[in-house]
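One structure is given below, encoded as structure tokens.
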């Protein structure tokens with residue numbers, strides 16, 4: 001600084017003028033220039049350690065940021081349906097934990113789906129998809145509702161053709177899949193990549209497991225009932241929910257006949273296997289965000305969680321294929337049903353409400369990007 | 001009247017055909033790191049030597065289960081058992097799956113009689129009777145294991161794989 005003391009003021013200004021000009025010029029360019037908004041590179045799937053690492057990502061479809069970006073666009077893209085009005089997001093709405101609040105969903109031909117739309121959360125760990133587990137990957141699953149004439153009702157080739165003519169898809173597909181371009185398998189791969197990012201891990205229950213939330217007395221009572229199998233001889237009361245819904249993910253990939261009917265109208269996985277023991281057996285759904293995903297069961301027969309609890313407590317119907325753990329489990333000695341008390345049902349529901357993850361259902365990363373684009377225009 | 005009878009007959013016949021097609025026989029599919037994968041039917045059980053294992057069930061009573069040693073089934077499928085069960089093959093396991101999606105694993109060495117006297121069988125009868133439909137027709141019975149959790153019911157598949 002001492003060396004600059006003798007320099008005249010005017011010369012100093014002149015010296016600074018040029019860099020300042022250059023700065024203003026660069027800033028102006030940056031302001032008008034639209035930087036590439038598409039993130040590139042591997043996608044970091046972030047989840048709690050207690051969810052375990054038994055994830056299901058096919059070797060030929062690694063998760064990338066650009067793939068997830070494209071998948072999200074496609075998930076909410078009505079062009080993928082025959083009438084241009086239905087997207088995956090129609091039956092899987094974020095605010096309802098990716099269900100549609102209906103027992104059955106209406107397709108392009110105005111018929112109703114035979115089963116209720118499933119909640120989408122923590123699919124990264126799933127290995128069997130649909131109520132009957134017929135698909136072993138999200139990639140294969142995606143093709144079914146898209147091409148089913150009663151759902152989205154459009155051939156994959158037609159979808160690919162429509163996307164080829166719609167900006168920014170040709171460029172986006174090139175960024176994700178290189179020269180392979182737009183085709184059926186790549187549409188499904190991108191959607192699957194997005195669906196794998198739908199990780200819900202911030203409910204009050206997760207916070208409790210992380211020791212960041214102190215449950216109420218009622219919630220704790222509900223948790224104990226949820227986890228315990230009834231043992232009346234030892235005076236242990238239980239609702240036995242964790243038998244199927246236990247663990248940090250409240251989700252185990254099991255298929256059960258939970259006693260909805262003696263003679264089921266929908267025979268569930270028996271339709272695929274032909275085994276008598278599989279009649280009325282359906283996938284055990286996740287309980288994550290369960291308070292948001294009514295109506296319940298594969299056919300949406302129960303409108304409220306109270307009805308669900310009443311079913312398991314008092315109305316399980318016997319049949320040859322009824323799952324063994326629902327036979328004769330009771331809180332009463334020699335009891336025929338679970339026989340939960342009204343306040344116990346209330347406690348279990350209080351715990352189930354702890355599974356609502358409000359950050360998940362409002363996370364902007366999972367919302368409809370087309371709406372955001374429309375809003376910003 | 002004749003026409004109605006005819007329609008009724010055709011309807012009955014077609015529903016009988018549909019029922020016959022719908023009901024399949026339960027099998028156990030042996031697959032994975034084996035040289036001769038096969039599908040085991042209930043009728044095939046008799047070609048194997050029968051082994052009996054006694055263990056308590058949920059009712060707290062001892063029951064006699066009869067079936068085939070898992071090692072014998074795996075041997076028939078060409079899995080590395082007996083003298084071949086050494087070196088890297090000791091990093092192999094058998095994953096057993098049930099029709100409800102339940103899955104348990106056994107290290108191959110846990111099943112091999114050169115390693116252990118504990119018998120692990122694929123049972124088909126309990127006290128001389130076929131297993132109950134909710135348990136069978138195939139159920140793994142692990143001798144002397146304290147918890148029944150690996151006595152997996154309604155077995156549909158056994159897959160041999162390397163632990164990675």
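Even glycines carry a Cβ here, placed using N, Cα and C.
Automated prediction, rather than curation, is the source of TrEMBL annotations.
Here is what TrEMBL says about this protein:
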BINDING   A:88, A:91, A:92  heme c 1 binding site
BINDING   A:241, A:244, A:245  heme c 2 binding site
DOMAIN    A:217-356  domain 'Cytochrome c'
Local backbone state of residue A:88 (heme c 1 binding site), from DSSP in three classes: helix
What is the separation, in Å, between the Cα atoms of residue A:88 (heme c 1 binding site) and residue A:244 (heme c 2 binding site)? 28
Sorry to bug you, but what's the C-alpha spacing from residue A:92 (heme c 1 binding site) to residue A:241 (heme c 2 binding site), rounded to the closest Å? 25
Chain-mates of A:241, A:244, A:245 with C-beta within 8 Å of site centroid, heme c 2: A:226, A:240, A:242, A:243, A:246, A:250, A:252, A:284, A:287
Can you count helix, strand and coil residues in the domain 'Cytochrome c' (A:217-356) using DSSP? 53 helix, 10 strand, 77 coil
For residue A:92 (heme c 1 binding site), the same-chain residues 6+ apart in sequence with C-beta under 8 angstroms from its C-beta are A:75, A:98, A:99, A:100, A:117, A:120
Tell me which of the binding-site residues A:91, A:241 sits in the most Cβ-dense spot, judged by other Cβ atoms within 10 Å. A:91
Using a 10 angstroms cut-off on Cβ to Cβ distances, just flag whichever of A:88, A:244 is the loneliest among these binding-site residues. A:244
Cα of residue A:244 (heme c 2 binding site) to Cα of residue A:91 (heme c 1 binding site): how many Å, rounded? 25
What is the interatomic distance between the Cα atoms of residue A:91 (heme c 1 binding site) and residue A:245 (heme c 2 binding site), given in whole Å? 24
Determine which residues of this chain, when A:88, A:91, A:92 are set aside, have a Cβ within 8 Å of the centroid of the heme c 1 site's Cβ atoms, and list them as they appear in the sequence. A:75, A:87, A:89, A:90, A:93, A:98, A:100, A:117, A:120, A:145
